[in-house]
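Trainee: Attaching a single structure in structure tokens format; questions to follow.
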């Protein structure tokens, strides 16, 4: 229990949250382009820069940053939960010994499940807010009118039921392998580099963070596409004209996506996602490592990272 409630776990959680917020703010327009490509299937533009140019032209200069606050709020909470859980579990399991690739994957998976169950409602709301006011090519998308985060929560629960706040939980639970794989490769590459040098440079951290995220994103991207569509939840299912909003539609979405666009339809927006997520993860890990190291140095403590 002492390890779970330790000061070290809190430092890692705060540093992870700050790192993710910093990185996402810098690369937020890329995430906007990725989300449009995933949700608006009839958009003809296929490249990131073309989608961003269309958004700016049609919706204004600040449109790529629409929904920044709810996304950043959700990301801050999500990464705080993930980093705290990951480092607490690792402290309990490893107990001062050297970690292994298998242990990193298992701890990352459990931390991901905890994170999904606690923070999915925040991501559902921020996806809705981020796409509100967007100009879609797909006429099956139902528009929304939310006044803010609290109003979005209220309307979703009133009109769709409280379980709608957990739309996309099934693919999200499958996607816990994304951060688990990411952390497994990150920790593994870091251990290998530390065998040959005393400490890592900023470039080392940036590169291994980018490599780890690129692998994790490519492997899990089809489920990320379904996750985005389910969280948005404003498509209609024909012919009944029902609104998407339950986990039972995962297989339906998968079948329809492949039937209409082929297997590559599941990878629509991958370029934007890789560009955004790899750069964001690399910068996040860089800020995270520097902030934790600086904090432990100021407090006169040794880093609590278990290797």
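The backbone N, Cα and C atoms fix where each Cβ goes, glycine too.
Feature list, courtesy of TrEMBL:
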type	residues	note
REPEAT	7-92	repeat 'Solcar'
TRANSMEM	12-30	transmembrane segment
TRANSMEM	67-85	transmembrane segment
REPEAT	99-192	repeat 'Solcar'
TRANSMEM	105-125	transmembrane segment
TRANSMEM	200-221	transmembrane segment
REPEAT	200-294	repeat 'Solcar'
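Locate each feature and note its surroundings.
Mentor: Sequence-distant neighbours of the transmembrane segment (12-30) (same chain, 6+ residues past either end, Cβ-Cβ under 8 Å): 48, 52, 64-65, 68, 71-72, 75-84, 86-87, 272, 275-276, 279-288, 291-292, 295, 304.
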Trainee: Looking only at the repeat 'Solcar' (200-294), what is the model's average confidence as pLDDT?
Mentor: 77
